[in-house]
Structures are given as C-alpha cells and as structure tokens.
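Notes to accompany the following structure.
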Amino acid sequence: MAFEKVETVIAGNYLEMEGEEGSSKSTKGKLSNLFWHGGSVYDAWFSCASNQVAQVLLTLPYSFSQLGMLSGILFQLFYGIMGSWTAYLISILYVEYRTRKEREKVDFRNHVIQWFEVLDGLLGKHWRNVGLLFNCTFLLFGSVIQLIACASNIYYINDNLDKRTWTYIFGACCATTVFIPSFRNYRIWSFLGLMMTTYTAWYLTIASLIHGQVEGVKHSSPTTMVLYFTGATNVLYTFGGHAVTVEIMHAMWKPQKFKLIYLLATLYVLTLTLPSASAVYWAFGDLLLTHSNALSLLPRIGFRDTAVILMLIHQFITFGFACTPLYFVWEKLIRVHDTKSVIKRALARLPVVIPIWFLAIIFPFFGPINSAVGSLLVSFTVYIIPALAHMITFSSAAARENAVERPASFLGGWVGHYCINIFVVVWVLVVGFGFGGWASMLNFIHQIDSFGLFTKCYQCPSHKA
C-alpha cells in the first residue's frame, strides 16, 4: 500500500508537468507533443538504445581484432548483462531518493534530478563529490568521442579536408544542442537515431558477408595482453552508456516503470552489435588492428556513404545526450537552471562546448580513446559507484525494511543483490580498471608516440596526413 501511495505522488507530478507543457489541442500543440514532448516508456527505451549504440558500433570490429571472435562475443553478452544490472540499481536509487524528497514536499517540476544529487541525498556530500567528478569527466570525454567520430566518418566520403578541420566544423554544428532543453525533447531524435544505427549495423553485416574474406585473411588474436584488455575495455565502454540514466528517468512521466527498460534496450542493441562486429572481423581479420573505424575497409559505394551520413546525424544526437547532463550541472552552478527562457539557457550553456572541442583536437585517436575512457571512467561511473551506493544505502535493517523498491525474490532477495553487487565491484575493479586501465593507457600512449598530440589526420593514408 505504501508503494502505491509513492507511485501516485511520482506519477502525479509528471502528469501535472505534462498538462502544463503539452495540453494544447491545436494542430501546433499536437505536433509539438508528437515530435517534441516525450515522457513515455517507449521514449525512454528509444533514448537508452539510441544512446548506447552510437559510434562504438564502428569500433567493435576493431575490438574483435584485439580479443578474437569468441572472447568478443562473450564479453558483449557479459557486459551487456552487467550494464543492465547497474542501470537497474541506479533506477532503484533514483526512486528511493525522489520518494524521500517528495515526502518532504520538495517540488521537482522546474528541476532535473541528476546522479550526483541522488548520491548526495542518500549518502552525503563526499559521495556527491566523487559521483560528480567521475560522471562529469566521463560525459565530457563521451562528448569528445562523438566529435572525433564525426570527423573520422565524414573523411571517408570527403577527404578534401583533413580530420582536424572536420573536427572544427562539427564542433560548431554540435554546439547547436544547447537549444534542446532536456531529454524529454529528444523524442523524435531518439527514434531517428536508433533507425540510423540499425541501418548502419545491418549494412556492415551484409556488406562484409557479400565482400567476403580478403585474400590471406588472418584471425590471430588474441596475441598480447595489452591488445586483449584494450579490446575488453572498449566493450565495457559500449555497455556503460547509462551515465545519463537518471536524466532519462526524470524525463519520464512515470519513472518507476524504468526498471527493465535498459535491459530491453540492451537486448536490441546486441542484435546490432554481435552480427556486425562478427561479420566485419570475419571478412577483414587482422587488418582491423590498424583500422579502428570499420567503415574505412568497405568499398565506397552509395550504401556506405548513406551509412556514413546517417552515423554523422546520430553522433550529433548522441553528442547532445552526453552533453545535456553537463549543461544541467553548469546551469545549476551559475544559477540559471530554473529559468524558462530557452535562449538564456542556451547562451549560458555555450562555454561547456569549448573544452570538448579543444580535447577532440588534442586526442583524435578514434578507437583507443574509447578503451581509455572505459577503463578509467566508465568502470567507476556506471559500475562500481552504483553497486557500492546500493549496498551502503540499504546496509541497515531499517533502510531495507522501508525501501520503496523491494529486491526481486528470484534473484535471492537482499542477499542475492549484495552478492551480485560485490561480484560487479571486484570484477570491474580488477579486470576493468586494473588490467583494462593498464592496457588501454599503454595503447593510448603508443598512439601519442606514433601520431603525436594535435595530429592533423589520424590513421589517414600517408599522402593525406
């Protein structure tokens, strides 16, 4: 009965918000609701799936060339399940935090709840500071990676400009995301983004099978520990896209329905990543070790150019996904988060884009940077910290007794949850951060030694570099 009351409170606030923002019966109002105001379970699913499988789709064949076919498939399945588990934990902690605050009559209608605020409310300021540091740094580099990917992709249909110049151009284009107020306003973009990635994934799969294996193809991986764990951390990064889970939940009308959405999104993503990565690696083998972008090995035809253009649009969308939480943090810092003026908020957000632009020019290492971010930032942001936070939040008998969300009995109740959480923490700390951090940083340093910082055209043919 207590949970039903809580659900009413949460749903009530969101219905009121929807009534204020999208109640117009005019044609303009209906179109706005259709394309702009999203908050349903389906919107959340599209947001999660679209955000999870962006440019990383193009680097997973590269990871397979480092891991080998069997390890590549197994790591995708393993980290897909683990990522879904920690997204589930984040959703439980969000509902717990929001319920406690709404019992204290706190109104969130003009305030977007973020992960560091959940940690603050449940565990105190030290957890807030750690969560804020890791989350913001991860999202910063997540945005950098999308910008690098834009330059890397467009180069394959127009190499008249080098990749650094394309980075300048797409940095300016991506800065327009400052005009999108919140995740609720990504309704049509999330849908289109997932359709674009679906096309690209199946293009990679079918084109590789039709192309067939290159002459003398070799599948020698795994060959070294460095390459193996570098590849594994890129897969860890792939299924660590739930750093924006809290913001996506907050955009829902009934966020308590989020629990299984990320798992369902992951299952769909696996139908894209497993066939495409396997097919490209089968066709090109060890050639991928020096071609981190899978599109670079496929012949230039209309279907490939279409895939490039669609991925460019999707990377623009994913840049917005990664950057919007940073916009919120910045707005709160300079105290403009509560304003209703879209123009004022957009102008206030612009300084956030500048360091992203700069870092993309310094470290244009498409592929290796994913692994470095995965091991050093994703490992803590979306795996270790949520698992530890869940265990500590419900460590007392009173907290477990009064928990808004009860643990699933088929997973062993509280004991089962704690066992899974401990496994996640130990595995990611040792394998993801430990071995993965060591390997990905060695590989990253190797890229700097080979190409240098501010390199003009990373992995371009020598006559173009």
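Any Cβ shown, glycine's included, is placed from N, Cα and C.
Where the annotation comes from TrEMBL, it is an automatic prediction and has not been curated.
Annotated domain 'Amino acid transporter transmembrane' per TrEMBL: 37-430, in sequence order. Taken from TrEMBL, the feature transmembrane segment applies to 73-95, 132-154, 166-184, 191-214, 226-248, 260-284, 307-330, 346-366, 372-394, 415-435.
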Contact set, same chain, for the transmembrane segment (346-366): CB under 8 Å, 6 or more residues outside the stretch: 55, 59, 140-141, 143-145, 147-149, 151-152, 163-164, 167-168, 171, 174-175, 178-179, 292-293, 323, 326-327, 330-331, 334, 336, 444, 447-448, 451, 453-455, 458-459
Annotated stretches the transmembrane segment (372-394) and the transmembrane segment (415-435) touching (3 or more Cβ pairs under 8 Å): yes
Beyond the flanks of the transmembrane segment (132-154) by at least 6 residues, Cβ under 8 Å: 54-55, 58, 114-116, 163-164, 166-167, 170-171, 173-174, 243-244, 293, 295, 308, 311-312, 315-316, 318-319, 322-323, 325-326, 329, 355-357, 359-360, 363-366, 369-370, 373, 377-378, 380-382, 385, 458
Contact set, same chain, for the transmembrane segment (307-330): CB under 8 Å, 6 or more residues outside the stretch: 47, 50-51, 54-55, 57-58, 112, 114, 116, 132, 135-136, 139-140, 142-143, 146-147, 149-150, 153-154, 156-157, 170, 173-174, 177-178, 180, 182-183, 186, 189-190, 192-193, 196-197, 199-200, 203-204, 243-244, 247, 295, 337, 345, 348-349, 351-353, 356
